[in-house]
């Protein structure tokens, strides 16, 4: 307006008053037009304010609110993370403490620790768009937006007035990946499969086979199976803290897992045939590892003993292993195994024993006949005193199995020159002696063979000694000469036979050098043992016994006990229930 008033004088210098009047008229018309166009609005700030937040999305996400049909917005539940490492103790019932939370809070306040309470409104937002298959966003609160400025949202009230609400929080929404990320091990496994090619023909065949199986099933059975699967899905027992974990996630994860399983089945279908052999070998190795036994010599707590796998015991050298190396472990174990497992051999041995007994009885009868003939000759011929002396000396010489011919000749010379008849009798006796010694050696050899193959009963040894005694001349066994000095040499052959035989045949006890039936039973009740392990148990005890003798006595005891036999990894284990 000032520019107009200044220009008017330059245009018309004579009429200044008229120009001023025209300017005043124009100002009045402008004010009237401005008052007619201005609108006034009343803005109310309500006393009960509603909280309004701003959702900020990135422009690259191409979010269009108009296209959203199914939207769900909820707070994230971080109760578990907030609690952290604190123990979840029950507030009531078993294991609870009265007013534990209050006492814990008071204790913390004493030390100046003020715990922050969990605020659900401070947690980030979770936005789900489009249901199960739709997108998922997480809104994180941004700070510092409303520090230097105040932002309001204007809304129309029903009475026409405008209500202003301040904006409290700004949230930046970013998309969440719906798929499950792989762990380090899974990623490595998948990386190993990167060069594998999918065989879609096998997948198609599987689908066809599944379809055929479904057709074969009755419709009623299929309905029952579906109902059972639905029930299992419907029933879910969860904590109250997990109320935010929705079913949508679980369903989507289930679908993804199914797809993965189908792919893995198709990939692993070819490798199954090759993998079976390797799996069998691994199982065998595991079985070998499982067969570690606890070593304990004490008999305490036998019922409570357990077998544990120990790797440390394998590294340390075992003292019993050294003893096993020194001993003839393999041969003995094989021999014992044959003895314990072969029932057919036992039958053969029984038959052989019976035949030996029959032979011995036949020899006895022959000897008795010979004795009768000798006694008849004696009755017919009346010998002189010198002859009697010669007979007694001859019989004394015949009683000893280990006397030489030179001693016989010396005794005969000292007693005087014998007659021819006596010499004939002495020759007959020598022949009988040779027969008896041969028969006794046969019996001993047969019994020793039986002892090697199976434990021989001590009755054989006593029978052999009885045969010897019965085979002696009738003069020595007669009751008339029992008080005479000739009766004493009759006891010598028995003792000599018993010393020549091993303890197992001479009727001696098995417990002579520490191997008792009770000890063997105790070891076998404790845990299963191989034959060599059982032998080492007794070999460790410092006993001056040869390994052959040890094996003989052990076989005898094992035959009596008759333990249970199990072959594990080619080894035979013995144990008693």
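Even glycines carry a Cβ here, placed using N, Cα and C.
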Would you mind telling me which of 1-36, 37-72 Swiss-Prot tags as region 'Disordered'?
-> 1-36
Based on what Swiss-Prot says, identify which of 311, 342, 479, 498 is the phosphoserine one.
-> 342
Site from 375, 399, 482 that Swiss-Prot describes as phosphoserine, others unannotated there | 482
Annotated phosphoserine residue, as Swiss-Prot has it, among 96, 453, 465, 546 = 453
In Swiss-Prot, the member of 183, 232, 447 to which phosphoserine is assigned | 183
In Swiss-Prot, the member of 296, 312, 355, 437 to which phosphoserine is assigned | 355
Residue carrying phosphoserine as stated in Swiss-Prot, selected out of 250, 392 = 250
The correct three-state DSSP answer for residue 183 (phosphoserine) is coil
